[in-house]
Each structure stands twice: as structure tokens, then as C-alpha cells.
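*Asks:* Copied straight from TrEMBL:
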REPEAT    24-66  repeat 'WD'
REPEAT    215-246  repeat 'WD'
DOMAIN    311-636  domain 'WD repeat-containing protein 75 second beta-propeller'
REGION    736-776  region 'Disordered'
COMPBIAS  738-769  compositional bias 'Acidic residues'
Amino acid sequence: YLLCASGDFVKMYSVATEETLRVMGGHADLVTGIQLNPHNHMQLYSSSLDGSIKLWDFMDGIPIKTFTVGSKLLALYALASFEDSLFVVIPKSGERDTFQLVSVKLTKAAGQDLEAKELSVVLDGVDASPKRIAFGREGEYVASVKDINLQVYFFKQKQLNRFSVSAAKTKSGNNQFTCVACHPTEDCIATGHADGKIRLWRNFCHKKEYTFSTLHWHHDTVMDLAFSVEGTCLLSGGVESVLVLWRNESDCEKDFLPRLGSAIEYISMASDGALCCTLHTDNRITIINSNLTFAKSIQGLIKSANVKTGLVVDPRTKALVLNGEPGHLQFYSLQSDQQLFSLDIVQRQYIHQAGLNQTDLVKVAFSAQGQWLATVEEREEVTDPELQLKLWFYDEETQSFKLNTRINMPHEDHITDMCFRDMDELEDDSLILVTTGRDCVFKVWVMVEDTDPEAQQSVSWSCDFVGSYHNYQATNCCFSEDGSLLAVSFEETVTVWDSLTWDLKCTFCHPPGKIRNICFGRLMCSKYLIGATDHGFLCCWNLLSCALEWSAHLNVIVLQPDPLSEHIAAVSWLSKESSLFVFKPNEPRPIYIQRNLCREKIQLAAFVPRDEPETVGSEKYLWLRRSQLFFLTDTQELMTLSMKSLQERLTPSSKQLAVEESLPVTPFSLLLGKHRRQRSQENTDLGKMLVPNKCEQDSPAVKELLHTPAHVLPSASFLCPIFIDSLLISKENKSAEEVADEVEMESEKTEDDSDEERDVTEMEQEDASPVELLGEMTCKLSKSQEKELRKIRKMDYSWISAF
């Protein structure tokens with residue numbers, strides 16, 4: 001398994017399948033460190049900015065204990081030689097941007113939530129980054145680097161040695177420390193520097209007699225270092241996207257694993273040395289074999305510098321589609337929290353150098369069924385921008401998009417928006433693409449038969465119509481739900497066009513302010529057109545009366561309609577906080593308001609259709625039943641609204657169905673337990689059972705059958721008598737009358753044997769089906785039933801009157 005901190009959660013992945021097996025949540029803020037418990041490798045410690053340390057059973061995803069420290073925790077270290085203590089980095093009280101490495105004494109007390117206020121300062125003036133502190137020789141000493149200083153503290157001797165390197169930024173390089181790693185068995189410290197050099201320090205137990213040697217391959221900052229388990233090799237990584245393996249601390253003996261995709265931020269070694277993994281700046285984990293060969297890759301959502309494409313949903317896979325690597329589209333699965341695939345749109349080598357104007361992907365649109373994809377790429381030039389419009393067709397054989405048409409300079413200036421006409425039934429026949437540009441026109445693109453005999457495809461795309469309005473810049477466009485109308489905004493005016501004849505039908509204007517967003521209503525609200533201006537107005541126009549229906553003073557920066565309902569989500573930005581308003585165009589009053597949704601500015605939003613409609617417990621969340629709403633902030637954080645509590649979302653279904661005493665649960669046991677609960681619920685609804693049912697789950701025989709794996713079960717002949725005995729109703733504390741009844745029954749046993757068998761069968765049917773029993777109350781009772789009835793009559797039920 002691979003464990004990693006991800007936001008407020010700790011995620012567990014399968015190394016073999018790359019699947020997310022478990023998401024452990026409970027921290028109220030960013031998780032800053034995770035460490036396996038050195039004394040129990042089935043447990044994990046995690047630290048967070050919320051000031052707590054949690055101990056997890058990560059195989060079950062259950063928090064065992066929570067230790068509250070109080071201060072923000074910025075890094076976490078666990079050592080086998082310190083049994084009752086952990087090391088954390090905390091801010092120094094009273095001083096800004098100053099941090100301390102402290103030892104936290106873990107309380108050994110009963111209960112889940114414990115205080116851990118006993119702190120001992122180990123080092124002052126450390127860096128907040130976890131990769132700038134390392135422990136060596138099984139915890140004999142700790143090394144810390146910051147700026148140009150190296151501190152080494154020896155625990156047994158309680159000795160602190162400080163070393164410095166030259167501060168001058170000369171031609172030979174910048175000596176500033178960036179990371180540190182300690183040899184597992186020897187007194188050797190490796191430090192990475194901003195100029196790409198690696199220094200190996202020895203004899204540092206003496207303040208003056210220390211020595212260091214230098215390794216140099218990286219041309220820029222060394223981002224992280226890690227020793228192998230035996231200490232024979234040193235791994236280093238940086239912005240070159242190359243993992244370097246140094247053997248025997250020699251500059252001559254090194255191996256490389258190049259082209260890892262993006263800069264390496266962290267390196268981690270497996271405890272057995274068989275694997276190592278690297279974490280990259282594009283939010284990707286690469287798992288690498290010990291012989292320096294690529295094994296697996298786990299790709300999360302790539303944080304692009306600027307998401308120009310917006311949040312788009314792929315109709316085929318329900319994946320979020322947005323800018324990924326430079327010039328690429330990433331298809332991100334929300335269910336698995338991993339990238340499905342990346343599509344190279346620009347198809348040019350990206351040069352990682354500041355100041356270069358390179359081609360970038362700026363617009364994306366899908367057709368209704370996802371068969372066609374339109375992309376716009378541009379290169380920023382001071383005088384004349386380069387533009388390309390590309391149309392891609394989805395190939396079922398290769399399960400990927402193939403380039404169909406490339407159009408150079410579709411507009412004379414930047415393209416501001418584009419959309420397909422969404423007509424599900426007639427997609428291929430009436431498919432239309434509209435683009436708007438700063439060159440004051442919108443263009444209509446249609447499919448035509450390709451007459452070129454050498455062409456590989458039968459159809460291509462060409463311009464069919466060009467529209468304009470008073471030489472204003474075209475800014476937004478969208479089609480009505482039935483595809484009959486096209487709305488195009490030209491600065492402060494919204495124009496509505498007939499999509500068959502391209503006649504201008506009407507115009508809407510609501511000055512002051514340019515139109516920022518427009519969208520049509522859907523379903524019962526399809527006669528409305530919604531627009532938001534950059535002067536803080538949200539307007540709703542009636543297309544039948546061609547008049548303003550209502551307007552609201554709201555600074556809307558995101559306007560997103562739900563494709564499966566009439567609801568529209570509007571996100572406003574006011575007083576440095578984002579707020580959400582959900583409304584129907586025919587009702588000016590919002591049906592849902594969430595103020596202060598987040599402190600970050602929300603840039604984009606998207607409704608993603610659910611596979612199955614969600615069961616909604618509260619009426620205020622009815623609008624989320626068919627679709628889920630996602631937001632992307634300006635800090636590239638992807639967020640969503642959930643109707644479930646944190647505990648419900650994080651508890652896997654196997655845990656919700658788990659049988660008592662946390663015993664191992666087999667699939668059959670889960671199904672049987674679910675069936676029993678359903679039966680129990682039905683019985684509760686119908687009323688009390690007339691004959692009490694013995695709880696089979698209390699029987700050791702039943703537990704052994706359900707919880708023991710099949711391959712270690714004893715033979716059926718051994719289990720069968722125990723199981724049958726467990727089903728018999730025991731008679732304890734028998735009264736004198738019961739004993740007499742029993743004697744009488746034994747004397748009559750031979751003659752009433754067949755009757756008794758029938759009676760037992762009837763009682764079992766009554767037990768299983770109380771509804772049928774209610775219809776048989778007039779039947780003649782057997783002798784055993786009459787005796788049972790006599791006992792019930794003698795019982796005192798007067799206590800019920802109190803209720």
C-alpha cells in the first residue's frame with residue numbers, strides 16, 4: 001500500500017492496481033505529515049494544521065486515538081528509539097515566521113481523545129518544510145537546515161553543532177540549503193542546495209574538524225534527497241524531471257531515470273527497499289522499482305497555472321475536462337480521484353523557460369453525445385495573435401479522439417466563447433458549432449462532405465454564416481434547449497438569433513455594464529434567458545414577451561445551469577468571500593443560499609450528472625438530486641457541495657454493514673446481516689412478534705459459520721449438530737406448572753407425535769410470517785398452544801396502564 005497526505009485527508013492506494021482503497025478523514029485542516037507507527041506497522045500517525053495528531057488503523061480506516069497538541073503542526077517524525085514520543089515542527093510562540101522542532105509526549109491513557117501538552121524543545125530556528133529536518137543513525141542525532149546554516153543535535157550527548165556555508169551568490173553557485181537526508185547506519189549527512197550541488201558531510205561531531213565532499217549534476221535546485229534502506233545509494237530529484245541515483249557517494253557512479261513528466265518535489269523509500277516513489281509538481285506520484293525502472297503512476301488533478309478552458313464535463317465518461325499539462329487536456333475522474341487520460345491538443349514540445357510566448361489551449365466544447373470535441377489554441381503575440389480551431393472526432397476503435405479539421409485563424413482576434421448546438425436526437429445531421437471573437441463577429445461552423453479524394457475522413461468543417469451587431473465585440477454565446485435560438489452577447493447587448501435562418505429576432509439591453517455570462521432556462525423554464533453584467537446585475541428576460549422579467553443587484557462571477565433540471569447556480573464575489581445562490585428563472589427568490597462558501601475566489605463551476613438520482617434527506621438539497629455541483633477556486637482547489645456528513649462520506653459500505661465486535665466480515669455474512677435487518681424492520685413495522693425469535697447471531701455456531709474463512713472451516717458433520725442445537729429454544733428456570741405440562745406431554749408423545757410435528761411447523765410459519773397468522777386466529781388450537789395460552793392469561797399486564 002502507498003499512503004499519502006492529500007488536503008484534509010490521508011489516502012491509501014494499492015501499489016498493484018493504483019486504485020484508491022481508502023480515504024481517511026477527521027482532521028479539520030491540512031494534513032502536514034504522516035508516519036508509520038514504528039512499533040506497529042499496521043498503524044499510522046498523521047499531523048495537521050488543526051493542532052492534532054491522529055493514530056489510525058489504516059487497514060480499516062479507523063481512528064484509534066486523537067492527541068490534541070494545540071499549536072499548528074507543520075511536520076511530523078516518528079522514531080523507533082523514542083517509544084512514547086513523536087517529533088513535530090510548531091510555530092514559536094510570540095515570534096512570526098519562526099519555528100521549533102519539539103518532542104511531544106504521547107499520553108498513555110484510556111479513551112480516544114487525549115491531551116498531549118507535554119512538549120520539549122529540541123531545536124530552535126528550524127525551517128517549516130518537512131524535508132529540511134532529518135534523523136540519523138536510528139535517532140542518535142537530528143540535522144536541520146535553513147538558509148545557509150546546518151544544525152546537528154546529538155541526543156545522548158545533548159550537544160548542538162552549527163555549521164555554515166558561504167552566503168555569497170558567486171559564479172560557482174548559490175549555496176542556500178534546500179533539503180537534507182541522513183545515512184541510516186553511518187555518520188553521514190547529505191544536503192541539497194539551490195545551485196544543484198549535493199554536499200556529503202562527515203565528522204560533524206566535531207565543530208571544526210568536519211569534512212564534506214560535493215556531488216553535482218542538477219543544473220537547478222535540488223528539491224529532495226533520500227538514502228536507500230542500506231545507505232549504499234543516494235537518490236536526488238529536481239526541476240529537470242530526472243531521478244538521479246548516486247552509488248557509493250561517487251560523482252562517477254550514477255544512474256538516471258529521465259522524462260518523469262514534471263519537477264520532483266519529494267522522494268520516499270519503501271521500508272524493504274524494493275520500491276521508491278516520487279511526488280511531482282503536477283500532482284502525480286510515480287512508483288519506481290529498485291533497479292530504477294518505471295513501475296506505476298498515480299495521477300491526480302493537475303494544477304494548471306491558469307485554467308483558461310473552464311470546467312467542462314465529458315458527456316461520455318462524466319469526467320471533468322480542463323487544462324492539464326501545457327498544451328494538453330486532462331480528463332479527470334471524480335469517482336476515482338485520478339486522471340483518466342491526457343489528450344495532446346497543441347502537439348508541440350513545450351519549453352520550460354520563463355518569458356517565452358508559447359501556444360496554449362484556451363477553449364474547449366463537447367457536442368451533446370461527446371462524439372465531437374472543439375478546441376481553440378492561441379499564442380500570445382504583441383501585434384498579431386496566432387489562433388487555431390481544431391475539431392476532433394471520437395474513434396470507437398481506438399477509444400480516443402482523432403483530429404478531423406484544423407482551421408488556421410478562424411477569427412482575426414481572440415476567440416471569447418464557443419458552443420455546440422445540443423440536439424441529442426439529430427446530432428450528426430444538425431450539428432452546429434458557434435464561435436465568438438473580439439473581431440466583432442460570431443461564426444457558424446457546419447459539417448460538409450469532404451470532396452478531396454485523398455482525404456482520410458468523409459466529412460470536414462467549414463464556415464456557414466458570419467454575424468455581427470453594430471461592430472461591437474462578441475463576448476458570449478449559447479443555444480436554447482431545443483436548439484432553435486442562439487443568444488450572442490455583444491458587450492452591453494444580448495442578441496437572439498433564429499438558428500435555421502440566422503435572422504436577428506430580438507435584442508435585450510440592461511446598461512450599465514458589459515454582459516459577463518448568459519444562459520437559457522431549461523425544461524419548464526425554457527422561455528427565459530439569464531444574463532449577468534460586470535456592474536453587478538443579474539437579469540432574467542422573457543423570450544415570449546421580449547421584456548425584462550426581473551433583475552437582482554448581485555455581483556455574479558459564475559453562472560452555471562444544471563443540464564438535468566431548471567435550476568441555475570450563481571456564484572457571487574463580495575467583501576472577499578464567495579457566496580452561492582441557486583434559483584429557478586421563473587422564481588426571482590433563490591431556493592438555496594450559502595453565504596461565505598469559501599474565502600477563495602471561485603473562478604469556475606460545473607454541474608456533473610449523477611449515475612443514479614441521490615436520495616435527498618432535506619428539502620433544501622432537492623436541487624442536488626440529479627447533479628452534483630463542483631467549483632474551482634483561484635488557488636486551483638476543486639470543491640463540491642455534499643448532502644452527507646463527513647462521517648457518512650468517509651465510512652465505506654463494508655463498515656456500515658459490519659457485524660458486531662469488529663470481527664472479519666465475509667461477503668455472505670454482510671448479505672445475510674442486511675437481509676436480517678430488513679426482516680427485523682418489517683417485523684417492527686407490523687408490530688411485536690407473537691412468538692419471540694431467538695437471536696441467531698448470539699450463537700457461537702452461527703458466528704463460526706459466518707466469520708470463519710471457508711478454507712479453514714471444520715467439516716460439516718462437526719458443525720451441523722452444534723448449529724441445530726443453537727436453533728432449539730432453551731427452557732430455563734421452569735416453573736412447577738411447566739414441569740407438569742412437560743410430563744404430560746411426554747406421556748402423550750407416542751400418540752401425538754405427528755400432531756406435534758405439525759404444531760412445530762405451524763409455529764415456525766407464525767414466527768416467520770405474522771401477517772398470515774392474523775388471518776388464522778379463528779382456527780382450532782392444538783393442546784400445546786392451549787397450554788401456552790393459559791400461561792399468558794395468568795401473567796399480570798396491569799403495569800402497561802401506566803403508559
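Backbone N, Cα and C define each Cβ position, glycine as well.
In the displayed structure, how are the listed features positioned relative to their neighbours?
*Replies:* Residues 1, 3-12, 72-80, 83, 86, 88, 104, 106, 112-114, 116, 130, 271, 646, 649-650, 652, 655, 662 of the same chain sit 6 or more residues outside the repeat 'WD' (24-66) yet have a Cβ under 8 Å from a Cβ within it.
Across the repeat 'WD' (215-246), DSSP assigns 0 helix, 18 strand, 14 coil.
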*Asks:* Averaged over the repeat 'WD' (24-66), what pLDDT does the predicted model reach?
*Replies:* 92
*Asks:* How does the repeat 'WD' (24-66) divide up by DSSP, counting helix, then strand, then coil residues?
*Replies:* 0 helix, 29 strand, 14 coil
